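Per TrEMBL, the features are as follows:
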type     : residues : note
DOMAIN   : 10-156   : domain 'UBC core'
ACT_SITE : C94      : active site, glycyl thioester intermediate
REGION   : 158-179  : region 'Disordered'
REGION   : 208-256  : region 'Disordered'
COMPBIAS : 246-256  : compositional bias 'Basic residues'
Amino acid sequence: MATNENLPPNVIRQLAKELKNLDQSPPEGIRVIVNDDDFTSISADIEGPGGTPYENGIFRMKLVLSCDFPQTPPKGFFVTKIFHPNISSRGEICVNTLKKDWNPTHGLRHVLLVVRCLLIEPFPESALNEQAGKMLLENYEDYARHARLYTSIHALKPKSKPKSGSISESTTAVNVDQSSTNLGETAPAASTALCATAAATAATKVLGSNSQDQNAPAEPAVGTSAALPKKEGPVVTKAPADKKKVDARKKSLKRL
């Protein structure tokens, strides 16, 4: 088996770049495990595709690169035991991409995707596991039952997802936080509305009192109440003076 020292520098640089890309942007259902000291042995965990007998299982596989890579294809092995027509009991993978259809331009991403697709669509015509190939061709239900049994026994289990209860609690907490935030945001608006209502009520009272004042007899304003009697004073006192003059004239007429 080759090591990093035995690979050409340009191949090491290309592998390092591709592995970094796989780590930062992994293909769906595939997680690559990198050994920086040896790029010639690359492991990956492949999730069993939904709707297949491998669902709810994780299968460890590895690619072994020779010193002639990429001129020669890597060899693929399943470390996890699996019941599949194109995977032998010892884990060797039989797929055309790693044999006659190999192209030096194929990258690791392409190879890993092909292997995962093999779990979705097996090729029983080129079976390494004859029992699995025969069962798949003759009775799919028996094949699927056997494959599910292997998956339940040998495959790694996916990490448990959050329970619905915890999701509900977190959602509730979020809703509570949001509601409190909304309350905080609407509090100024509510106080503004209350202030507006109070102002409208006060204005209504003022307008009501003004209308009552208009209908009621006018009252003298402060500071003018003293002036009004002074105007009426001469009028009131003028009548007795005129009467005295009339009486005086009558007396003088009597004397004549």
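Just so it is clear, glycine is given a Cβ too, placed from its N, Cα and C backbone atoms.
Each residue in the domain 'UBC core' (10-156) gets a DSSP state, and the totals come to 58 helix, 27 strand, 62 coil. Residues belonging to the domain 'UBC core' (10-156) score a mean pLDDT of 95 in the model.
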